[in-house]
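Undergrad: Below are the structure tokens for one structure; questions will follow.
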Amino acid sequence: FLGAGKPPMYGDYEAQRHWQEITYNLPIRQWYFNTSDNNLLYWGLDYPPLTAYHSFVCAYIAKLINPDWVALHTSRGHESQPHKLFMRTTVFVADLLVYIPAVIFYCFSLKETSAKKKASTCALCILLYPGLILIDHGHFQYPLSLGLALWAVLCLSHDWDLLGSVAFCLALNYKQMELYHSLPFFCYLLGKCFKKGLKGKGLVLLAKLAGTVLLSFAACWLPFGTDVEQIMQVLRRLFPIDRGLFEACMFSSPTHCPDKVANIWCSLSVLIKIKNVISPRTQLKLSFAVTFLSLLPACIKLTVQPSLRGFKFALVSCALSFFLFSFQVHEKSILLVSVPVCLVINEIPFMATWFLLVSTFSLLPLLLKDGLLLPYAVTAPAFLAVCLASFSILEKTSAEDLQLKAFSLSLKGYLSWFKAFPRIVRSLFLLSLALMGTLSVLSAAAPPPQRFPDLFPVAVAVVSCLHFLLFLVYFNVVLLWDSKNRGQKKIS
């Protein structure tokens, strides 16, 4: 894993272990504060309270097995095979208890996949998505926030709005990056209240939802709620805006290859050194403005015409907008887009498969640094093979299969080449696969030119970003041209 045996930070594995050490040995009031026992510069906690509580539970179990694993100070940098097995087991258990059941129940609840064979096929494809497998188990990242968000989607699809609100609040209080999904949840439920009428049932539902959210947050933050300074310190740790727009995506060093993120800011920085031209405060304002404008069409559509299908596509569109344009984006954040894409793989198998392959490819520089080339080389082609066999994706490239029929009808007479659309899309897909395969081989095997040591990581980021921009346009078109009540239950 990345950073193994390399002081002073040792890598993400050590980050997860260190959080267990801190939460077990220190009182709650010190978890997010810089003290002699808690140096925030050394993997200080920067996730919401539920992550800290989960670390404490894992630490309690670790203490029973081997106290040295979480001993204060002396356990720093601890690396051993038994502890690695323990850490990987905790990730697998989180998968087994939260994420995997959510996927299975979701797939078997889909009307479009009512047959058990189709539902199991859909679940298999989602569970084999290589990006999540490689990051969760190769990077020691727990899937709890994504799993809880999936449970929230499942609850909303059964009209269990209050339970869904609780599940999403828990997801948001586990990782603040769930803000990527927050606006679709808000807009869908608000639109539902509007449809029911804000002078009757809608007002009652709105009051219940507001109360549920407040109570859920209060329960999660209760240990910190007695002191305003405690709350403010946690928030400062969760949203460190002073670090600047390029905390995780700088193309600045000629000798060191920092994390390359496939978003618009990092890609533009190849041509324009934004951090040298625009002040940090202006960067923040620019990022907020562009993100907000890119989110607006989907959010308005979902609020005015709330539907479950629109809700799922809005989750994809809004999360992708956040990834491309928002502040301090990490390359792993693409998983927050990929999981909603998994939710519509049964509806648009071709485009969903294509996106999921690109999202995995965008993680290549990180995977190479983690020593995960072989797992990447195995899981990505295997995922493609399963999707080809399960959905026959190359046969589903017509405008209707891609949910673009309404859009194509609106362009009838203007685009004569639309009849050739399926063939063009298949050709672009095969070209994309060839490009990603070539860059993967070059990144793994070829030495970069001395003059451009970061050539391959930058190429991966820029190529992925261009793909994501096209996908953003596509998902917005599907959402905005969606028929008002297509295949949806009436909201009354």
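Backbone N, Cα and C define each Cβ position, glycine as well.
TrEMBL entries are annotated by machine, without manual review.
These figures come from a predicted structure and were not determined experimentally.
Sharing the record's features from TrEMBL:
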TRANSMEM  85-108  transmembrane segment
TRANSMEM  120-142  transmembrane segment
TRANSMEM  148-172  transmembrane segment
TRANSMEM  202-224  transmembrane segment
TRANSMEM  310-327  transmembrane segment
TRANSMEM  334-361  transmembrane segment
TRANSMEM  373-394  transmembrane segment
TRANSMEM  428-446  transmembrane segment
TRANSMEM  458-481  transmembrane segment
Undergrad: With CB pairs under 8 Å as the measure, which of the listed stretches 85-108, 148-172, 202-224, 334-361, 458-481 comes out on top against the transmembrane segment (428-446)?
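TA: Of the candidates 85-108, 148-172, 202-224, 334-361, 458-481, 334-361 scores highest.
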Undergrad: Determine which residues of the chain contact the transmembrane segment (458-481) at the Cβ level, with the cut-off under 8 Å and only residues 6 or more beyond its ends counted.
TA: 251, 260-264, 266-267, 270, 294, 297-298, 301-302, 310, 313-314, 316-317, 320-321, 323-324, 348, 351, 355, 358-359, 361-362, 364-365, 402-404, 406-407, 410, 432, 435-436, 439, 443, 452
Undergrad: If you count Cβ pairs under 8 Å, which stretch among 85-108, 148-172, 202-224 touches the transmembrane segment (310-327) the most?
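TA: Counting Cβ pairs under 8 Å, the winner is 148-172.
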Undergrad: Going through 85-108, 120-142, 202-224, 373-394 one by one, which has the most CB pairs that fall under 8 Å from the transmembrane segment (148-172)?
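TA: Looking only at 85-108, 120-142, 202-224, 373-394, the most contacts with the transmembrane segment (148-172) come from 202-224.
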